[in-house]
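Database features (TrEMBL):
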| type | residues | note |
| --- | --- | --- |
| BINDING | A:Cys643, A:Cys649, A:Cys683, A:Cys687 | [4Fe-4S] cluster binding site |
| BINDING | A:Cys687 | siroheme binding site |
| DOMAIN | A:5-294 | domain 'FAD/NAD(P)-binding' |
| DOMAIN | A:327-396 | domain 'NADH-rubredoxin oxidoreductase C-terminal' |
| DOMAIN | A:425-473 | domain 'BFD-like [2Fe-2S]-binding' |
| DOMAIN | A:562-623 | domain 'Nitrite/Sulfite reductase ferredoxin-like' |
| DOMAIN | A:634-770 | domain 'Nitrite/sulphite reductase 4Fe-4S' |
Amino acid sequence: MERKRLIVVGAGMVARRLVEALVERGATAQWDVDVFGEESRPPYDRVALTSFFTVADPDELLLGDQALWRAPGVRLHRNARVTGIDREARTVTVHGKQEHYDELVLATGSYASVPPVDGADLPGCFVYRTVDDVTELRTWVRDRGQQLGHPARGVVIGGGLLGLEAAGALRELGAECTVVEFADRLMPVQLDLAGGQALRRLIEGLGVEVRTSTATTSVRTGRGTKKVGRMTFADGETIPADVVVFATGVRPRDELAREAGLEVHPRGGVMADEACRTSDEHIWAIGEVACIADRVWGLVGPGYTMAEVVADRMLGGAAAFTGADLSTKLKLMGVDVASFGDAFAAKGGSLEVVYADPLAGVYKKLVMSDDASTLLGGMLVGDASAYTSLRPMVDNELGSDPAAWLMPDGVEPPSTGALPDTATVCSCNNVSAGTIRCAISGGECTDLAGVKSCTKAGTSCGSCVPLVKQIVNAELESQGITVSNALCEHFDVSRSELYEIVAVTGIGSFSELIEKHGRGSGCDICRPVAASILSSLGRGHVLDRENARLQDTNDHVMANMQKDGTYSVVPRIAGGEVTPEGLIVIGQVAAEFGLYTKITGGQRIDLFGARIEQLPAIWKRLVDAGFESGHAYGKSLRTVKSCVGQTWCRYGVQDSVGLAVDLENRYRGLRSPHKIKLGVSGCARECAEARGKDVGVIATDHGWNMYVGGNGGFTPRHAQLFAEDLTTEELVRAIDRFLLYYVRTADRLQRTAPWIESIEGGIEHVRDVVLNDSLGLGEELDAQMAAHVENYADEWAQTLADPEKLAQFGSFVNAPDTPDPDLAYVEERGQRRPAGPVVIAGTELSVRTKEVSA
Amino acid sequence: MSAALVPEAAWIAVCTVDRLWIDRGAAALVEGEQVAIFRLADEILAVGHRDPFTGSNVMARGLVGSRGDVPTVASPLHKQVFDLRTGQCLDDPEVTLGRWDVRVVDDVVWLRRGDA
Ligand code: SRM
Ligand SMILES: Cc1cc2nc3c(=O)[nH]c(=O)nc-3n(C[C@H](O)[C@H](O)[C@H](O)COP(=O)(O)OP(=O)(O)OC[C@H]3O[C@@H](n4cnc5c(N)ncnc54)[C@H](O)[C@@H]3O)c2cc1C
Ligand code: SF4
Ligand code: FES
């Protein structure tokens, strides 16, 4: 069969889904698919655009598997704007050249529309639609703040969904912010007056000023500049404004269609039928540019449905777009807002059940059928926890008193079993409860991750994930499959459960633990876990003979084993601060024992190539000079990285080195599920890379900002803001509790970032536990940390004082001082390294070296 | 060492039992060969000390455990698990540590190269 060519104009969210659907259905066997997009990036998650204020790397927003763009038959053209359509010749113009199509799909999305206000094009005025918009806005706010010497004053015009997202983003950037809305309330499309007012109070509580029923008449320059400086309202009032964001709505990008003479709706949007076909039978329109059933559908969910429809049509199918769920749930600056179904009781003859608590800032409304049995829709402000359970129930019988759903401790959400198969669980991707159940019962998937990838449920806005998870687990259970989180073959419980067992029972040894709660004699998985738990809880010292058999060789000899069986030695250099005398001792020790010396990535010095029998002598020298173990071997605190800070740096606003040293000395030796790293920067320039650490601290003019959940490694994560402007005392307490809550509940070898993600309620929950003591654990955790600090002693100094333990360092039981005769070294760049080839990219590179003796 | 204590010519005395910690290995140098000795709760076993995967002499420093009923040691470098009774690697049938016979006479541990 001759191959045909499908051209897609626009490389946005919906275009991507179309290509994905085509590839999945094998359409690329017949079609060459060419996607032309004007932006410089592959399709990214516009819905999550606001997160770009904190993630820094726009690639984190890219959608799905990038391999899609390398699939046979698929081509993505970036920086490629389509400037014209010739319907007769069936070509489009790109970079002045004609490209032929057999079928053409318009997926050009929308413009952010700017109202005809004087001065709306001044430098400092922005819209909020693309990654580039956000990048520019971000730079402007930062630079302007520095030039002015105070935080930039921001104004967002438009109090709808986008406007409030933009306001949140400005706050995140440290700008002051006013939201100006023409209607009498915020989010007029989703909320009624009472809901809008509740939202207003919550938003104002976050330090954002709100003006409703206000029309903007002009934006003007500041005195003596050509940049935005003021703005004026219809009532004549003028307010200062250093940055203005227009979020007054979107307008479909239908200009290509207009010029090509396609039918276009008077209010904008390319007219298309149920098949998404326009007035030209070879041209289709999907996503925000399409006007179907007399309206444009400004959400991504309906756009995805349209993409699926067109993919089906390309293969000769008869799928149709028959409308979509416009329910929305948002978290704006931490405030929950949701609106679903017939939220405005537009159908008439319905009952409204309302719950409002102005003090708590909560407003909830359910729209019910006239007999109060069937749920028609609703809106939730301030607390949208019921959303995931309620939305799929729309048009179904609620089964209990509607008022009960609205109470603060509402009804227990019904078991998901009550949810009909037809109920839409994921509205972004139009996935029903039945589809999810089938994926499990048909054996296609066996867990949440599998269901997400095969049904796409939960892969867009993510708000349905808790519900999807419940359905998946219920379905698995009904099949008799239990979800195992057993540690290993010797223990049926997870690490955190084992921790609770040890904490509650007071068990103090591994033998007792495995005898009572496990089987066999343990292994390299459960033994170190038990050792770590016993140590975290202050039971049994890491060096005890009973515990020795639980430790990895690294913990056992308190050094890191290298590939040839020798060890590395890392003395603690708290905060990276070291005296010249200290440096000299390290140098002397290294020279004396012939150790290879290197500065680590953790701001300290590593000495490599120490034989096991040399470790005590090396440490004797180091301990005598005032050094102690750096725990480079432990699943415990590693380093607290610092920048030089206020003491020397002209920008520093706090003593970052001092704090780093104090923190390192406080948490040294604390055993944990995985290693823990901290960082402290003296100002927002962040030279200590604190946001790449499990706990990052960044100095502010008023104190310290605390970040959590960062790491480097294979899956790097940026730490997220946890609390702002803490005093040193508040900070230390928050870190104490954060670390111990992690130690208590995390899984084996789980760093803080995946731990936070895995925990029900995520970072919000952790914040509640740590800052608001929501579980009432505070005192216990504080006491546990106090005991840790109190009982800390240097493991190496203790070892040197214990002859029995020292005897463990002999190389051979029958020849304790004989070096391993097989060790061999060569010299390279003036130091020793293990003999053996240097392998570079698979080929052996011979290195000219000099033999030296072990 | 008095000759009366030597039961057979091929056996070599290595150390007293109390030098070995339960469930923790120790290396021994036996006529130029490196042996890893493990004292378990009720027996002492010995295998080769050289990790066949890396060529480094480290096995005595691995973690002791069990797989089913088999007493095991895991290489401290890349964690492959070996049967302590035979030296056989449980993750790769091609690889073995070799084994040593162990005897305890009057609290002294004796080793002899095993045939398996
Ligand atoms: C020595 C050092 C490399 C260097 O020469 O600079 C190093 C060496 C090792 N790293 Fe590292 N890492 C070193 C800094 C880092 C850093 C940089 C930092 O701390 O700022 C990172 C990224 C930051 C982070 O941890 O998030 C880092 C991320 C890792 C990871 C990935 C962790 C993750 O969460 O994905 C591993 C693998 C693991 O722990 O499972 C790892 C594992 C290792 C091991 C333990 C691998 C091993 O099992 O042998 C190496 C031990 C060497 C030794 O014997 O001391 N190393 N490693 C650095 C020691 C720092 C120190 O002073 O203690
Ligand atoms: C900040 C923000 C938050 C949002 N939050 C939500 C939300 O929570 N839930 C929700 O459902 N929706 C939300 N939306 C709306 C959602 O992003 C859109 O519905 C969705 O992106 C529409 O997809 P699309 O593919 O039709 O258009 P787009 O994603 O806009 O893609 C269109 C692409 O086509 C390109 N293009 C246009 N013309 C041409 C041309 N002539 N040649 C080449 N390329 C061209 C554009 O540059 C653009 O990249 C939000 C939008 C924003 C901006
Ligand atoms: S990056 Fe890899 S090779 Fe380098 S020190 Fe870390 S673990 Fe070792
Ligand atoms: S509802 Fe948005 S991802 Fe499921």
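Using N, Cα and C of the backbone, Cβ positions are placed for all residues, glycine too.
Just so it is clear, the model here is predicted, and its values are computed rather than measured.
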Long-range Cβ environment of A:Cys649 ([4Fe-4S] cluster binding site), under 8 Å and at least 6 residues apart: A:Cys643, A:Gly682, A:Cys683
For A:Cys687 ([4Fe-4S] cluster binding site), the number of other Cβ atoms found within 10 Å of its own Cβ: 18
Close-lying binding-site residues around ligand 1 among A:Cys643, A:Cys649, A:Cys683, A:Cys687, where CB distance stays under 6 Å: none
Binding-site residues compared (A:Cys643, A:Cys683) - the one with the fewest other Cβ atoms within 10 Å: A:Cys683
Residue counts (helix, strand, coil, in that order) that DSSP gives for the domain 'BFD-like [2Fe-2S]-binding' (A:425-473): 26 helix, 4 strand, 19 coil
Cβ-centroid neighbourhood (8 Å) of the [4Fe-4S] cluster site, A:Cys643, A:Cys649, A:Cys683, A:Cys687 excluded: A:Val644, A:Gly645, A:Tyr651, A:Gly652, A:Ser656, A:Ser681, A:Gly682, A:Arg685, A:Glu686, A:Ala688
For the domain 'Nitrite/sulphite reductase 4Fe-4S' (A:634-770), the number of residues DSSP places in helix, strand and coil: 52 helix, 35 strand, 50 coil
Selection from A:5-294, A:327-396, A:425-473, A:634-770, the stretch that has most Cβ pairs under 8 A to the domain 'Nitrite/Sulfite reductase ferredoxin-like' (A:562-623): A:634-770
Which of A:327-396, A:425-473, A:634-770 contacts the domain 'FAD/NAD(P)-binding' (A:5-294) most, counting Cβ pairs under 8 Å: A:327-396
